[in-house]
Amino acid sequence: MLVVQMPFSFPVAHFILFVFTVSTIFHVQQRLAKIQAMWELPVQIPVLASTSKALGPSQLRGMWTINAIGRLGNQMGEYATLYALAKMNGRPAFIPAQMHSTLAPIFRITLPVLHSATASRIPWQNYHLNDWMEEEYRHIPGEYVRFTGYPCSWTFYHHLRQEILQEFTLHDHVREEAQKFLRGLQVNGSRPGTFVGVHVRRGDYVHVMPKVWKGVVADRRYLQQALDWFRARYSSPIFVVTSNGMAWCRENIDTSHGDVVFAGDGIEGSPAKDFALLTQCNHTIMTIGTFGIWAAYLTGGDTIYLANYTLPDSPFLKIFKPEAAFLPEWMGIAADLSPLLKH
């Protein structure tokens, strides 16, 4: 008797469903395995790229930053120093969020921000800087360096002057507000021929300089000499005075020529207005302090500063070198130290 065996029959639709289910389960398992592997990886500090013109498209390793200490002038010095030293050493530079909050509302700065959450995960090597350039700073070791100190010296960054001026370009609305104010000024009914920004640093320095640093702040005589220097050299100058001691300025600056305007608001917590006014002038009279130094540096033109304002044995001279703070072409007028000698 002939027996014919029929092949096992399995519906095609069921077969397709079976294959799809198995494939899906396999794919999900693979994805879960990858995610688990990523979770198990240790946290890595990124290697960051830079568009540094000096180094071209090469990758720059590590991360350099600087402590944000002090007010506007200090933080401008810290920013410019970080910018220059990082470029000199071929490292990417990042600024603290605090520094960004101080500078970004005023200037078109370009360095990226290092937020605190990221900074706390990095094994920093603290590196103290003097307030002047040292040869050893050209070859600073370490990939993750955080600078400390109060650097504010042209010796760090003057070779990059045009780049620094670009970094500290005022935002349009800040510049335009200052220029609008200056356009409205007159000298004895006529438009000024030259604008001279005057910054008079007082505030805490009035007490700190004589009591801590064996020094003085600018007095009436110094300011009179500085104003007369410009009056003798320029036709119809106008002096735009800013200060954190405006009441003292009104009492001690001679206004009999009709060429002095007390323009600044002197608010230390929001210095943009005063700083913008100074930098939109043609020349600068400063007294002491980094605010005035930076105003003069960005303005260009002629600059007069208070010179020799401490006694020779002042501890201030251990952390401050006048020749590293004031450009060689600026003109200093010696301070009157007699009030210190009386005591």
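Here the Cβ of each residue, glycine as well, is placed from N, Cα and C on the backbone.
Summarising the annotation, Swiss-Prot assigns N-linked glycosylation site to Asn188 (among others). Under the DSSP three-state reduction, Asn188 (N-linked glycosylation site) is assigned to coil, being neither helix nor strand.
What Swiss-Prot records for Asn282 (among others) is N-linked glycosylation site. Within the same chain, the residues at least 6 positions away from Asn282 (N-linked glycosylation site) whose Cβ sits under 8 Å from its Cβ are Thr194, Phe195, Val196, Thr299, Gly301, listed in sequence order.
What Swiss-Prot records for Asn308 (among others) is N-linked glycosylation site, and it gives sequence analysis as the kind of evidence. Sequence-distant neighbours of Asn308 (N-linked glycosylation site) (same chain, six or more apart, CB under 8 Å from its CB) are Pro322, Gly332, Ala334, Ala335, Leu337, listed in sequence order.
Residues or ranges marked as topological domain 'Cytoplasmic' in Swiss-Prot (evidence: sequence analysis): 1-14.
Here Swiss-Prot flags 29-343 as topological domain 'Lumenal', drawing on sequence analysis. Across the topological domain 'Lumenal' (29-343), the prediction's mean pLDDT works out to 91.
Here Swiss-Prot flags 15-28 as transmembrane segment, drawing on sequence analysis.
Counted within 10 Å of its Cβ, the other Cβ atoms near Asn188 (N-linked glycosylation site) come to 10, all protein chains included.
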